[in-house]
Ligand SMILES: Nc1ncnc2c1ncn2[C@@H]1O[C@H](COP(=O)(O)OP(=O)(O)O)[C@@H](O)[C@H]1O
Ligand SMILES: [Mg+2]
């Protein structure tokens, strides 16, 4: 413990009496402590502000400002308030003791003092301070760990809820779509048959009874026969699109795996864009956002696909927010609204995904803080300040990747995700 205590720093002795100073200094030095001295209150305060000591032995009655005042000033400054102060004085009355302790001193030594006692008390208080520092450090570390764990729980919960919702929707539309797709071919065959019958009727119109001929004449049969296959075709294309959406939704939902798997990142980006589709399309507030995909060939990447999708989701949602905000304030009509997504391999070792928007951009101050937990510039209820903190944790800690931001205020922002292959 002696080693640790000496390590804690120096001890400042403040006393106007040279004899006291030298006796105390000698005693503490021979006990292994490093000593500095001040002969009045003002120089003590200026010395402390330059280099804070581990502990202060403070005389009360001195010319100039008193020990009580020195104590008060040090305790009111956040930088010096935690330095332990022990008063030393000939004033042995209870009132002075109480005053000293109520000002925040940790202890009180009456003059004339026993050297052994002073050394013992100094040791105890240094030790207490050290233990206190260690405790504070531990609390800080545990709070950080807890906050990280909490973020992970929030993130997992959010993703698994979204996954369940998406899986539910995909499941619900699957049956009716299956029914429509399955009936498409028989309908086509039936319609071909019926069309044939109608054509025969048309060719032999003169043999038909009047009422049948009149009914045929009253509807534009030729047009119907020509238009019906076109309608059927476009219904078929639409149902196939819905089927594709349903498959993407199921892939997105299934991405919530507990082990790493090799996946096609483009599928993840496309699934995420699909889910954000309603926010990308034009609204009463602004026109469509154009998504420019510059996909290069990528190998499958080992990852937790659900988490990676969440990163895409958080970054893309922010890009849409930034474009919305920019449009609301600037409405530049010659400026189309775009989100560019570029993917490529670098050095055969990494996959790089760049997501670039031409939204409002951000200042350097904001850029430096975007990955901080709870940092948001959005109004209450709209921003949580968790999106990018979660993204950072997923990319950097879970996948050993990198997440960087480049931005120019008023012009736009680029997020660069790098993942090892
Ligand atoms: N594409 C972007 N353009 C401009 N600012 C952005 C962009 N992405 C993030 N930001 C800034 O980073 C902040 C933190 O983002 P995020 O962690 O997702 O939290 P939130 O979106 O809830 O505010 C945002 O409030 C915004 O100021
Ligand atoms: Mg966000």
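Cβ coordinates are placed from backbone N, Cα and C, and glycine is handled just like the others.
Nobody curates TrEMBL annotations by hand; they come from automatic prediction.
Sequence annotations record features per position, and here TrEMBL assigns domain 'Response regulatory' to 10-126. The annotation 4-aspartylphosphate is assigned in TrEMBL to 59. Summarising the annotation, TrEMBL assigns coiled coil to 128-159. Residues or ranges marked as domain 'Histidine kinase' in TrEMBL: 168-421.
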Chain residues outside the coiled coil (128-159) and at least six past its termini with a C-beta under 8 angstroms from it: 4-5, 8, 54-55, 82, 84, 106, 256, 306-307, 309-310, 373, 386, 389-390, 393-394
Within the domain 'Response regulatory' (10-126), residues counted as helix, strand or coil by DSSP: 53 helix, 22 strand, 42 coil
Integer average pLDDT (0 to 100) for the coiled coil (128-159): 87
Close in space, distant in sequence - the residue listed as '4-aspartylphosphate', Cβ under 8 Å, 6 or more apart: 14, 15, 16, 17, 20, 67, 87, 88, 89
